[in-house]
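Engineer: Okay, so TrEMBL annotates it like this:
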- A:12-35: transmembrane segment (TRANSMEM)
- A:66-88: transmembrane segment (TRANSMEM)
- A:100-122: transmembrane segment (TRANSMEM)
- A:142-169: transmembrane segment (TRANSMEM)
- A:198-220: transmembrane segment (TRANSMEM)
- A:226-245: transmembrane segment (TRANSMEM)
- A:252-272: transmembrane segment (TRANSMEM)
- A:278-297: transmembrane segment (TRANSMEM)
Amino acid sequence: MAILFEYLFNGAVLGIMYALVAVGFTLFFGVLDIIKFSHGDVLTLGAFSGLVSFLALQSLGLDLPVVGLVVVLAAACIVTGAVGALIGQAFIIPMRNASGFNILLMTLMIGTGIREAIRLFYPNGANPKAFPALLPKTPIEIGGVFFRLDSIVLLGLGFGVILLTNWLIRHTKLGLAIRAVAQDGDTAQAMGIPFKTIVLATFALGSALAGIAGVMHGIYYSEINFSVGLLLGVIGFSAAVVGGLGSIWGAIIGGFTFAALQTLWVVVFPDASGYRDVFAFTAIIIAMTIWPTGIIAERYSERV
Amino acid sequence: MTGNLETKNISAAYGNAQVLNGVSIVARPGAITCILGANGAGKTSLIRAIIGLLPTIDGSVELDGTPLSSLRPHARVAHGVGCVPEGRKLFPKMTVEENLRVGAYLMQDKQLIQKRLTKVYETFPRLAERKQQFAGTMSGGEQAMVSIGRALMSEPRILLIDEPSLGLSPALVRDSFAIIRDINKSGISILLVEQNVRQTLAIADYGYVISQGKVVARGTSEELLNDEEMKRAYFGIQ
């Protein structure tokens, strides 16, 4: 019974990371009807920026517990936010009247470029890198169940970021503009909303969420590598599609659904845990044939 | 008095299909100017070109002498162009109040935004009752009020109104036209695009008739009512 709770808890930590990635996909699709496949590799870039900023802190002797985490998260968010907006500005906006397939292919190539650049230019980039333990891994016992302290903080951080994003979209002027652009871009412009600025802000926001997910992933597994974003990107994209592309809550539900499927497999077949992704993706394929428009279909949901 | 909008010889195309062919009109300060024409004549294209959503390939748009042609749509709104688009185009999954707040996006002063909101709610008490309702679930008449209210939030000098009668019952069309006249009396110039000739000319001071992307007739409302060219543009009488 205790072990079951541990599985559930670890599943929730994974779920919140997937949800953060999926929300980015959903935001990009919301404002511009595009799939940005470079998203996963932007996440990798975030994790590596976090690592570099930590090494810099370390060399300065400033790698204090809380400061380290804050600086690493800030570095990841700034780099991913800037790169996400830059990809939008330089590639996606100029191409926005092109076919969706062209943008999909283009962003896939941009992602490959980022991934290969990390592999080739980061010192010894082809090998996994140890990620600093920014949070203590102290086991904490609650009612006979052991939880790692870092996982508890990661879960809280993930939920905090998701709630903050939701608040931003629902209750701020920027959020109002993002929703207006998502619902009707032309009319939003005719009402005085600067379309391009809002689209780029959305790219920065969604990409920064991936940066946070990248750091969380690094802390959780204690290592990162140049292709960490590849699988996380595909999982995040699947989660967004399963939840219903365009809906934020759908993306969150999708992220947790994927983690729940993986966890279910590991609970039932603990000796074959390597097959958890095979099982989860198979289940997603079956779910898509039953609900082709996702769990929260766009017509029922509030877009973005 | 401000709100003098001029288009000078503007042309625009969707791909190879030319939809505007050298259109020059003047919407005078403090007046209601109407653009009449049959379906597909280019009326909505003209509105989209003025607001900047349809790129022009020739000609210029000026508001009170300021050239707008090189500006993006949001910057044109900042210069005082307000828009009530064809089919009202509300944000269906936003509340009435959020729709109105989008209209005030360019305003920074929160007190001023609140003042404008109060004024819109005074003009349309029905919206005050329904401010938390999703715009997409409202009736056509209520949506028309939200769309007009939203455009007024930015305090435009000229208001472009595209087919306010579309999809409304005759009683609601009468109400809409009365509201348009009231807005005009409050000092805002109006450029009104319509198919509904008699009711439009009844409130307009001046009008243009468009056919196949060209101005084919112009004049005061009285002149247009008896204009042969207009009858031809509308009813295809040769």
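Yeah, the Cβs are placed from backbone N, Cα and C, and that goes for glycine too.
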Engineer: Sort out the residues at least 6 away from either end of the transmembrane segment (A:142-169), same chain, that have Cβ-Cβ distances under 8 Å to it, and list them.
Structural biologist: 2, 5-6, 9-10, 12-13, 16-17, 19-20, 23, 133-136, 175, 178-179, 205, 209, 212-213, 216, 219-220, 248, 252, 304
Engineer: Between the transmembrane segment (A:12-35) and the transmembrane segment (A:100-122), do 3 or more CB pairs sit under 8 angstroms, pairs being 6 or more residues apart?
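Structural biologist: In this chain the transmembrane segment (A:100-122) contacts the transmembrane segment (A:12-35) - 3 or more Cβ pairs sit under 8 Å.
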Engineer: Under 8 Å, at least 3 Cβ pairs, sequence separation 6 or more: does that hold for the transmembrane segment (A:252-272) versus the transmembrane segment (A:12-35)?
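Structural biologist: The transmembrane segment (A:12-35) and the transmembrane segment (A:252-272): touching, yes.
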Engineer: So which of A:12-35, A:198-220, A:226-245, A:278-297 has the most C-beta pairs under 8 Å when paired with the transmembrane segment (A:66-88)?
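Structural biologist: Answer, by Cβ pair count: A:198-220.
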